[in-house]
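Here the structure is laid out as structure tokens; the discussion comes afterwards.
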There are 2 protein chains.
Amino acid sequence: MKLYSYYRSSASYRLRIALKLKGIAYDYHAVNLLQAEQRCDAYLAINPLGLVPTLILDDGARLTQSSAIIEYLEETHPEPALLPENPLARARVRSLVNAVACEIQPLCNSGVTEHLKKVMGVSDAGIGEWYERWMPRGFVAVEEMLETASTAFATGDAPGMADIFLVPQVYNARRFNLDMAPYPNITRVVDACNELPAFIEAAPEQQPDAPSS
Amino acid sequence: MKLYSYYRSSASYRLRIALKLKGIAYDYHAVNLLQAEQRCDAYLAINPLGLVPTLILDDGARLTQSSAIIEYLEETHPEPALLPENPLARARVRSLVNAVACEIQPLCNSGVTEHLKKVMGVSDAGIGEWYERWMPRGFVAVEEMLETASTAFATGDAPGMADIFLVPQVYNARRFNLDMAPYPNITRVVDACNELPAFIEAAPEQQPDAPSS
């Protein structure tokens, strides 16, 4: 498989974790978002939304949208499972996934903040307020959903789809200095994940396109 | 089942279509977003993100996030199917779903535009530009994905999960006067859906909380 990824894209990061947890090998193709490579014709032919990640299967099939791709991997490579078996438990995991994927990430990504800054003239302080408005909203809900659980990871005793979405979002929140003190359960779960090889190997700083520090 | 819904919320509208297609009866509970009922303590106890829809099952279990709920309905009420059987085909449907649910709707909903207007002082013209920036992006990608299909509906000869997400987004786009001329395939599919009883009954103007015209 070929993975088109940017080291710091949280959607790419999610998919890298899923691939690592499933033990699926892939070739890494970097798409430099800072140099707008995602809007070049060559990449738009691969992914018409101009977004990372894209996963190209061995037969050439092209998959887009991280949640859709991870559900595909779960269906075609069921072990280890990233979703529980019970439909109600699956709904709970997917609700956590979507709290991140539909409520936080779409508003707190570089495409949106660049638009706010460059097109709408929003100041750096205004961008900070934007993050403060939209990041905590999703985290508050996720924290409440995690409070009732006493599991090592978000939804069980092994990492699953909810963890895959939470870890990159918390990485992003920390990068923007969001105070994580109000979210002890999220912090506990994410820190547990970050001890595991799959999460360590999928981390932004471990990718071939990460700048050497 | 009990459905907490607002007549004009596109996420509520998606779930209403899915329930109607599956033939699942429900009691309708209106949550008036214009009067901020979604942020009252009573509703936050039901849905901690303060979002509609919420579906309460007969045993009291509480489901949130429209995609997660529709996947649950698909798993527990498999007929008629809203997703195809083949994993690659399922990934294609979910990619269309997420192009709407993660790329368009989170940026083009009333919570975000109210924040832009009231907190950030963005003018009405600026809101118009915001819609023009974010709505077409997702539609262009969806249109391209639909171009290769010659099916009556988005992903097959019966309406499925992609149609369920497209119809409310196009309803919203038309409400904000987005020019749909560049999207003939989306328009064709949505118009075909809107001829069907499930889509007609789920439409905003048919809901108990819609203002009488």
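Think of each number as a place in line: the chain as shown, counted from 1.
Cβ coordinates come from backbone N, Cα and C, glycine included.
The domain 'GST N-terminal' feature in TrEMBL is assigned to B:1-81.
Taken from TrEMBL, the feature domain 'GST C-terminal' applies to B:86-212. Per DSSP, the secondary structure of the domain 'GST C-terminal' (B:86-212) breaks down as 86 helix, 0 strand, 41 coil.
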Practice task
Give me the mean pLDDT over the domain 'GST N-terminal' (B:1-81), rounded to a whole number.
Solution key: 95
Handout entry: Residue counts (helix, strand, coil, in that order) that DSSP gives for the domain 'GST N-terminal' (B:1-81)
Key = 36 helix, 14 strand, 31 coil
